[in-house]
Amino acid sequence: MRRGEGPAPRRRWLLLLAVLAALCCAAAGSGGRRRAASLGEMLREVEALMEDTQHKLRNAVQEMEAEEEGAKKLSEVNFENLPPTYHNESNTETRIGNKTVQTHQEIDKVTDNRTGSTIFSETIITSIKGGENKRNHECIIDEDCETGKYCQFSTFEYKCQPCKTQHTHCSRDVECCGDQLCVWGECRKATSRGENGTICENQHDCNPGTCCAFQKELLFPVCTPLPEEGEPCHDPSNRLLNLITWELEPDGVLERCPCASGLICQPQSSHSTTSVCELSSNETRKNEKEDPLNMDEMPFISLIPRDILSDYEESSVIQEVRKELESLEDQAGVKSEHDPAHDLFLGDEI
């Protein structure tokens, strides 16, 4: 029995050793593949880095060559063949990869007619812009900035700036802190849009009694009070437009506002380019009708024609005289169809 049991355990041990050896070989092969894969990735990264460096070097060489070539082309100017007095400006652009080389050239030639001496001048300005034409822009619109800041626009860069305090110079409402508005070029509180001095873009932005007009001292339009009598005003080129009410005027920004109600814009003189607000003819007649008629100032009222006297028919004196005549006629009991005194008073010819 013991002899029969000997070979079986021996075979089991051999089988176990074989399995362990296979597992070790598999593990060794897997680790080798991992090491080979990581080494391949490193080689690829180094290769990509070398290619990027070579690309940058090529771009730098091309830019230098483009600048030299541009300078050669610009310098090939025969000043002797130019006219005695000459001026020229030119701009050229050369695309190199993802960059643009801009060259500005100015050529001047001035000849003194008395002495015959000639002065030559050549100015060359070269600049390089990236392919994406990026500038130092921290923001593009005001919403790009955090609360309490606004986007300040300039030629070369846009930056987020802190909002301005009260009575500080401004050109936009967003520049002022909190609930302030830009009024007459200063940040102020306790104002609402449409009031006197607030910034506007068209006539609908302003309250009644004001109009949207440019101000030379501010360089942007604001809601401006309508001018009164004697003040400069907006005078349309067509005189017939003076009869049109303000509601029918265009909605765009004006250089000057039209006159207030009851006034009309008239030139100061035939040679003057400035117009001022004056009382309209209807308003003048209305004021004259409201004034009591002084008989001492018009001693020859019976000689005034009827059409002129009709302007004063509604005056208090005329009304009182007419009532007296009617009262006398009623008392006499006779109402004559043709009363010479009445006709004489109304200015009929005798």
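Cβ atoms here come from the backbone N, Cα and C positions, even for glycine.
Source: prediction; values computed, not measured.
Swiss-Prot annotations:
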SIGNAL    1-29  signal peptide
COILED    33-78  coiled coil
CARBOHYD  ASN88  N-linked glycosylation site
CARBOHYD  ASN98  N-linked glycosylation site
CARBOHYD  ASN113  N-linked glycosylation site
REGION    139-187  region 'DKK-type Cys-1'
CARBOHYD  ASN196  N-linked glycosylation site
REGION    200-277  region 'DKK-type Cys-2'
DISULFID  CYS200-CYS212  disulfide bond
DISULFID  CYS206-CYS223  disulfide bond
DISULFID  CYS211-CYS257  disulfide bond
DISULFID  CYS233-CYS265  disulfide bond
CARBOHYD  ASN282  N-linked glycosylation site
REGION    329-350  region 'Disordered'
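Location within the structure of each feature annotated in Swiss-Prot.
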| residue | record | Cβ within 10 Å |
| --- | --- | --- |
| ASN88 | N-linked glycosylation site | 11 |
| ASN113 | N-linked glycosylation site | 8 |
| ASN196 | N-linked glycosylation site | 15 |
| CYS206 | disulfide bond | 23 |
| CYS211 | disulfide bond | 23 |
| CYS212 | disulfide bond | 23 |
| CYS223 | disulfide bond | 24 |
| CYS233 | disulfide bond | 24 |
| CYS257 | disulfide bond | 26 |
| CYS265 | disulfide bond | 22 |
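Within 10 Å of the Cα of CYS200 (disulfide bond), the following recorded positions from the list ASN88, ASN113, CYS211, CYS233, CYS257 place their own Cα: CYS211. Secondary structure counts, DSSP: the region 'DKK-type Cys-1' (139-187) has 6 helix, 18 strand, 25 coil.
For ASN113 (N-linked glycosylation site), the nearest of the recorded positions ASN88, CYS211, CYS223, CYS233 in terms of C-alpha separation is ASN88.
Nearest by CA distance to CYS212 (disulfide bond), out of the recorded positions ASN88, CYS233, CYS257, is CYS257. In this structure, the CA atom of CYS211 (disulfide bond) is 9 Å away from the CA atom of ASN196 (N-linked glycosylation site).
In the three-state DSSP assignment, the secondary structure recorded for ASN113 (N-linked glycosylation site) is coil. The two recorded residues, CYS257 (disulfide bond) and ASN196 (N-linked glycosylation site), show a Cα separation of 13 Å. CYS223 (disulfide bond) sits 5 Å from ASN196 (N-linked glycosylation site), taking the C-alpha atoms as the reference points.
Between the CA atoms of CYS233 (disulfide bond) and ASN88 (N-linked glycosylation site) there is a gap of 45 Å. Mean pLDDT, taken over the region 'DKK-type Cys-2' (200-277), works out to 78 on the 0 to 100 scale.
Put simply, of the recorded positions ASN88, CYS206, CYS265, the one whose Cα is nearest the Cα of ASN196 (N-linked glycosylation site) is CYS206. A 10 Å cutoff on Cβ-Cβ distances gives CYS200 (disulfide bond) a total of 21 other Cβ atoms nearby, all chains included.
Cα separation, CYS265 (disulfide bond) to ASN88 (N-linked glycosylation site), rounded: 48 Å.
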